[in-house]
Amino acid sequence: MIALAAFRLAAYVRSHRVFQALLLTLALLAIVHGSRAPRGAEATVLVDGAVLLVPVLAWAARSLLDTEPDRQREMSAVQVGGRGKEVVAGLLAAFAACAVFAALGLVWALLLGISGSPPPGLLLAGLILYAISALTGTALGALTSRAVLPSPAVSIMALLLGFLAMLLLSATSLYWLTVPLIPWMKAANSGELLGAFSTLAWISLAWCLIGLTAYGWLRRRS
Amino acid sequence: MRLTNVSFRYRRRDPLVIEDADAHLAPGDVIELTGVNGAGKSTLLRLLAGLARPTTGTISERPPVVGFAPDRFPASQPFTVAAYLRHMSRVRGGARWEPWAERLNMRHLLATPLGDLSKGSAHKVGLAQALMAEPGLLILDEPFAGLDADTRQALPSIAAEVAGRGGIVIASDHQGGLRGLPGLRHWSMVDGRLKEGTAAPAAPPPSQATVAVTLPAEELPRFLARMREEGFQARELDTAEEARELPPAAQGRETLAPARPRDTSATREAEESA
């Protein structure tokens with residue numbers, strides 16, 4: 001399974017599709033962290049960066065999963081010993097790619113986005129938040145990949161509208177019905193990030209797992 | 001391995017592609033699967049490989065290691081042949097692919113990007129990845145399509161080897177390439193129903209002809225390579241005179257090209273004997 005994940009990552013890099021997401025990530029980070037934020041705004045900078053990265057990470061995950069031709073996906077499933085292992089290997093590869101881009105975002109934010117060094121608690125929260133961002137991108141990208149949505153037009157629309165729906169729904173009192181992106185940003189702005197962290201993190205993780213499970217369920221026949 | 005009342009449809013309310021298939025496959029079986037286009041052969045192979053689940057019925061006792069060679073190898077991947085097979089070997093837990101590259105006569109292709117391969121060469125890569133892990137169930141979808149003559153001849157003995165060590169081989173095949181094998185079982189798909197019968201007798205050898213082609217000397221290597229790639233036996237003659245002295249009926253299907261033609265223009269002429 002790890003070997004199959006490595007194969008898919010290698011295909012993603014060697015096909016040069018990786019540069020699409022890399023360039024998009026660099027452009028986004030250059031804009032978001034164009035000017036260094038003043039002291040005291042570390043939490044806001046870290047959270048805004050993690051939230052805004054989600055659609056780019058979803059794009060990266062979708063692109064990685066779509067690199068493999070459909071017929072090769074079938075052959076991979078036979079070789080690795082079943083559809084389930086092939087699906088998990090694909091998700092592992094997608095998460096690995098998203099984690100690299102998310103790490104790039106975190107390092108950029110720490111080096112060029114903030115003025116002081118964040119306290120250890122905030123740093124740890126930031127680390128977990130970027131991991132959640134990578135997981136959210138993986139789930140959204142997987143759900144809009146070609147194996148689930150064969151039409152490229154429908155797929156890219158679903159990705160963008162899915163992210164917008166997450167933003168809109170999480171801005172309401174029903175924020176717990178999706179990954180609560182807006183509550184993350186609100187908590188950081190109001191200085192209550194660490195206090196609300198546990199609740200928001202569990203809701204986020206739960207929805208990521210639901211998304212990944214839905215992907216596995218949808219892939220059971222394709 | 002056993003199929004019990006297996007039926008399959010792609011979507012709810014779609015007509016059944018396969019209806020009530022019952023079969024038992026024993027270790028050592030080699031099965032030739034035939035049927036008209038759209039009869040459900042590839043669907044049946046996908047079900048056997050575990051790539052699709054029966055709508056009703058069950059498939060049980062599938063061997064743990066399955067090799068699957070599709071009818072069209074997906075060549076649009078950013079790897080050379082060697083890099084691809086190395087990755088597949090790791091996925092298979094370190095299976096040895098090098099002997100298969102040798103046996104399928106593809107060592108000269110190892111550094112070639114998959115996207116640059118001809119159909120037949122890409123098909124060999126698909127066969128190598130299916131064979132490398134010593135499968136207990138080997139599924140070949142149109143395995144003879146596009147293969148050169150040497151590999152076409154080697155494939156039945158490879159199938160017999162897999163069967164000889166207790167594997168099951170099933171191949172959808174319109175060309176009757178496995179019909180020389182003793183004990184070959186014959187399945188046919190007719191209107192979505194699986195029927196078993198005796199294998200048709202081996203087809204008579206195709207009529208053969210030998211042609212001589214005159215072409216500029218510098219084009220010779222490429223021409224010979226192309227002919228061999230397309231499955232013809234092609235060789236270079238010592239002199240143009242030898243080409244003129246061809247026997248009236250040749251034993252093989254050969255394209256014969258003289259080494260130093262007098263005519264070095266781009267015009268090609270062919271004499272056909274037999």
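Cβ atoms are placed via backbone N, Cα and C, with glycine included.
If you look up TrEMBL, you'll see A:44-65 (among others) marked as transmembrane segment. Same-chain residues lying 6 or more positions outside the transmembrane segment (A:44-65) and placing a CB less than 8 Å from one of its CB atoms are 8-9, 12, 17-18, 20-21, 24-25, 28-29, 32-33, 37, 90, 93-95, 97-98, 101-102, 105-106, 108-110, 113-114, 118, 122, 125-126, 129-130, 132-134, 136-138, 140-142, 144-147, 155, 159-160, 162-163, 166, 179, 181, 184-185, 187-189, 193.
The transmembrane segment annotation in TrEMBL covers A:86-111 (among others). Same-chain neighbours of the transmembrane segment (A:86-111): 1-2, 4-6, 8-9, 12, 18, 21-22, 25, 29, 33, 45-46, 49-50, 53, 56-57, 60-61, 64-65, 68, 73, 76-77, 80, 117-118, 126-127, 130-131, 133-135, 137-138, 141-142, 212, 215-216, 219, counting only residues six or more beyond its ends whose CB sits under 8 Å from a CB of the stretch.
As annotated by TrEMBL, transmembrane segment applies to A:123-144 (among others). Among residues of the same chain six or more beyond the transmembrane segment (A:123-144), those with a C-beta under 8 A of the stretch's C-beta atoms are 43, 46-47, 50-51, 53-65, 90-91, 94-95, 98-99, 101-103, 105-106, 109-110, 155-156, 158-159, 162-163, 166, 179, 184, 193-194, 197, 201, 204-205, 207-208, 211-212, 214-215, 218.
Residues or ranges marked as transmembrane segment by TrEMBL: A:156-177 (among others).
TrEMBL lists A:197-218 (among others) with the feature transmembrane segment. Through the fold, the transmembrane segment (A:197-218) approaches residues 84, 87, 91, 125, 128-129, 132, 135-136, 138-140, 142-143, 147-148, 175-176, 178-180, 183-184, 187 of its own chain, all at least 6 residues removed from its boundaries and within a Cβ separation under 8 Å.
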